[in-house]
Amino acid sequence: MSRPSSRAIYLHRKEYSQNLTSEPTLLQHRVEHLMTCKQGSQRVQGPEDALQKLFEMDAQGRVWSQDLILQVRDGWLQLLDIETKEELDSYRLDSIQAMNVALNTCSYNSILSITVQEPGLPGTSTLLFQCQEVGAERLKTSLQKALEEELEQRPRLGGLQPGQDRWRGPAMERPLPMEQARYLEPGIPPEQPHQRTLEHSLPPSPRPLPRHTSAREPSAFTLPPPRRSSSPEDPERDEEVLNHVLRDIELFMGKLEKAQAKTSRKKKFGKKNKDQGGLTQAQYIDCFQKIKHSFNLLGRLATWLKETSAPELVHILFKSLNFILARCPEAGLAAQVISPLLTPKAINLLQSCLSPPESNLWMGLGPAWTTSRADWTGDEPLPYQPTFSDDWQLPEPSSQAPLGYQDPVSLRRGSHRLGSTSHFPQEKTHNHDPQPGDPNSRPSSPKPAQPALKMQVLYEFEARNPRELTVVQGEKLEVLDHSKRWWLVKNEAGRSGYIPSNILEPLQPGTPGTQGQSPSRVPMLRLSSRPEEVTDWLQAENFSTATVRTLGSLTGSQLLRIRPGELQMLCPQEAPRILSRLEAVRRMLGISP
């Protein structure tokens, strides 16, 4: 038999390699299944409790293990018999909620715990495996990669149909390039008057962004806790804000991509990179704030969007967030961005639709990203008011919110302290003269000066355009015009603007604050603040003693206009958090740095 030619060998090798690469990834390893723990019992509340249970059983010699094959195929995590290859159990890859590794903790030295949602059953279970051959760390990494590939390779289809299971079928979509997406444009289908049609038109992105369409039903509207605000909801305005927020995020990503390319060219030609392509720390902070603000907007719009769902946009934002974090020059900068805190609706939305890798990314950002306003135990963050690169401003707020989209406070109009008509009798109109012969007409005489109407803020409100006014809970305001649902008010700093009337309550005579006392529970920073007031503000914000000593000698004007580079030199450890706080104060006061 003659030896095959070199060309024949090459062609056979080429065909062999092409066949291998065209086949779906098949992960298959031999493991030892130790036990499965149902979570939610009195002793097992999470993966750590399951491991502790294993340690106890191992010490007592009660572990009944079984060797088997752990395999990933066609989007399923399968447990197979070693000899017959019979399927013993299986779970959807996207039902995996967490994976943890425990090394050298007992007689089993390489344990992988996988927490999954049981198919068709409520609650979760934790499976424990001894990974002697492959190693728990390596197997965890392989499973995470398989899960990411599975999420990316789903066919791009429409949203979930009624009755369609969230995790089965083609509901999850493959990554959608940003150049194929469009921005929101309001449009109400006639057959569904309370649903919105959402379209996107985003500029080209350096990376494709994933899409996802599953979401759970939103919870019923409830009155927010007294210490936090629930901004009156107007979906059309929220859509407009979201449009511009997403556009600014994309613009920042484009700048980041250009900066990265510039850095690569400098490295190629041996030049030193002295900057980040013109991107400042404040720009990174602004982008992180806008991403958080987007989550809050999507939480409010979750039941309003139709064709493009809120979870789809959440996945787009997380892809963008991952892209930005990978290129951020300061690793912990995002975790220090506190304002704006997420709303409970935003938290619920993220919990309902994030994939395991996205959930890990989210949790890794810390409490400032994972704690809702209602559960935040730190210092009260200052209100967040976004500014836009194109100087776009919102139109005047509408007088009524659409049906099905009323704000939580307005749903409680039965309370006598809420509502625009329950505070005091409405004034009579004076837009005409008395009619001749009217027995009630009397010669006009100067009217005594009416005392200024004082109100107290029940819930904080963030201004969304120059016509509105940012207020905080407990602030005392003077009402200038209360003829409409949105009232014109003036704060003690002399700034005036519109706020919704249903976040106010009457200020009774003799209430502290009626004589010009400070309306805030914490010291306020203003341009006119003296050094001792700046010191009080820094201490109230829980900055370190060194920071208070360094910056406490400045006036409010000096601190609010300090440059990021100067602040970095003076307070290198806390500069990011100080910048974030100062930016929030600037927005509230309506000043530029």
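Using N, Cα and C of the backbone, Cβ positions are placed for all residues, glycine too.
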Looking at S231, S518, which residue has the phosphoserine feature per Swiss-Prot?
S231
For the domain 'PTB' (28-155), would you mind checking the mean pLDDT of the predicted model?
84
For the domain 'SH3' (450-509), what does DSSP give as the number of helix, strand and coil residues?
3 helix, 27 strand, 30 coil
